[in-house]
């Protein structure tokens, strides 16, 4: 690499954005093919390519940031702004689902029976599994904060314990959500209620899986001594994302499960 007289990271050409984009195309088209033709081939190909891209792209970033020292303070500042803007874009993404839900529920049409929930829909009890899920996610928010403070204080073992606990709580939430879907008395095809419920809670569930993956990578990196008390932005970004997922769930719980039922 040529000598440079500034602190910014001039990245090398990388194939991973292209392979990531192809994986996204395969995943979206594969989901449509799965829904309509019951074939999992395209979806499986998309998942494999996405996993390969994630592994190799994150490997390269760890090499550049942790071992080559390219993540200087100005670069980290840029990464912080990038993560903040990414989470902001996610807020607007979920805003669309809440808009759809409130648009349909605040002025239900005659086709829905003029009431909400629509006539014939049996809703889920908000004080059973959804309330347990809320407690699980709030607890995971506490454990991820514990992990953050442990990293800043150089408490390696406590960080590993707290991160492990957070990931387990994330997987437990996903399991409970899956069981709730399996036992739900309505489907995604049951009119606007089914559509808004499953799309909003389903995308949130996907974000929980993504957040759990981020934290699992952070756990592996912590075990391999990648983080110091001063240099741990990878974990910080994952923690921000986890708190965002937490807050979105609270809005989902209050809006769709409690008020909407």
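Cβ coordinates are placed from backbone N, Cα and C, and glycine is handled just like the others.
Note on the topological domain 'Mitochondrial matrix' (1-15): DSSP counts are 0 helix, 0 strand, 15 coil. If you look up Swiss-Prot, you'll see 1-15 (among others) marked as topological domain 'Mitochondrial matrix'.
Per Swiss-Prot, transmembrane segment is recorded for 16-34 (among others), and the stated evidence type is similarity to another entry.
According to Swiss-Prot, the topological domain 'Mitochondrial intermembrane' annotation covers 35-40 (among others).
According to Swiss-Prot, the transmembrane segment annotation covers 41-66 (among others).
According to Swiss-Prot, the topological domain 'Mitochondrial matrix' annotation covers 67-72 (among others). Each residue in the topological domain 'Mitochondrial matrix' (67-72) has a pLDDT score, and their mean in this model is 91.
Feature annotation from Swiss-Prot assigns transmembrane segment to 73-105 (among others); the stated evidence is similarity to another entry. Same-chain neighbours of the transmembrane segment (73-105): 7-9, 112, 116, 192-193, 195-196, 199-200, 203-204, 207, 233, 237, 240-241, 244, 248, 251, 255-256, 260, counting only residues six or more beyond its ends whose CB sits under 8 Å from a CB of the stretch.
Long-range Cβ contacts of the topological domain 'Mitochondrial intermembrane' (106-128) within its own chain (Cβ-Cβ under 8 Å, at least 6 residues beyond either end) map to 180, 184-186, 190-194, 253, 257-258, 260-261. Among the features that Swiss-Prot reports, topological domain 'Mitochondrial intermembrane' is placed at 106-128 (among others).
Residues or ranges marked as transmembrane segment in Swiss-Prot (evidence: similarity to another entry): 129-152 (among others).
Annotation source Swiss-Prot lists transmembrane segment at 156-183 (among others), citing similarity to another entry.
Taken from Swiss-Prot, the feature topological domain 'Mitochondrial intermembrane' covers 184-190 (among others). With helix defined as DSSP H, G or I and strand as E or B, the topological domain 'Mitochondrial intermembrane' (184-190) counts 0 helix, 0 strand, 7 coil.
Summarising the annotation, Swiss-Prot assigns transmembrane segment to 191-223 (among others) and lists similarity to another entry as the type of evidence.
Residues annotated as topological domain 'Mitochondrial matrix' in Swiss-Prot: 224-232 (among others). When the topological domain 'Mitochondrial matrix' (224-232) is classified with DSSP, helix, strand and coil residues number 0 helix, 0 strand, 9 coil.
Under the heading transmembrane segment, Swiss-Prot lists 233-256 (among others).
Taken from Swiss-Prot, the feature topological domain 'Mitochondrial intermembrane' covers 257-261 (among others). Packing against the topological domain 'Mitochondrial intermembrane' (257-261) from elsewhere in the chain are residues 101, 105, 116-117, 123-126, 130, 197: each is 6 or more residues past its ends and has a CB under 8 Å from a CB in it.
The list of residues near the transmembrane segment (129-152) in space but at least 6 beyond its ends in sequence, with Cβ under 8 angstroms from a Cβ of it, reads 158-159, 162-163, 165-166, 169-170, 172-173, 176-177, 179-180, 208, 215, 222, 227, 229, 232, 235-236, 239, 242-243, 245-246, 249-250, 253, 257-258. The transmembrane segment (156-183) makes contact with the transmembrane segment (191-223): 3 or more of their CB pairs lie within 8 A, with pairs spaced 6 or more apart in sequence. The DSSP breakdown of the topological domain 'Mitochondrial intermembrane' (35-40) into helical (H, G, I), extended (E, B) and coil residues amounts to 3 helix, 0 strand, 3 coil.
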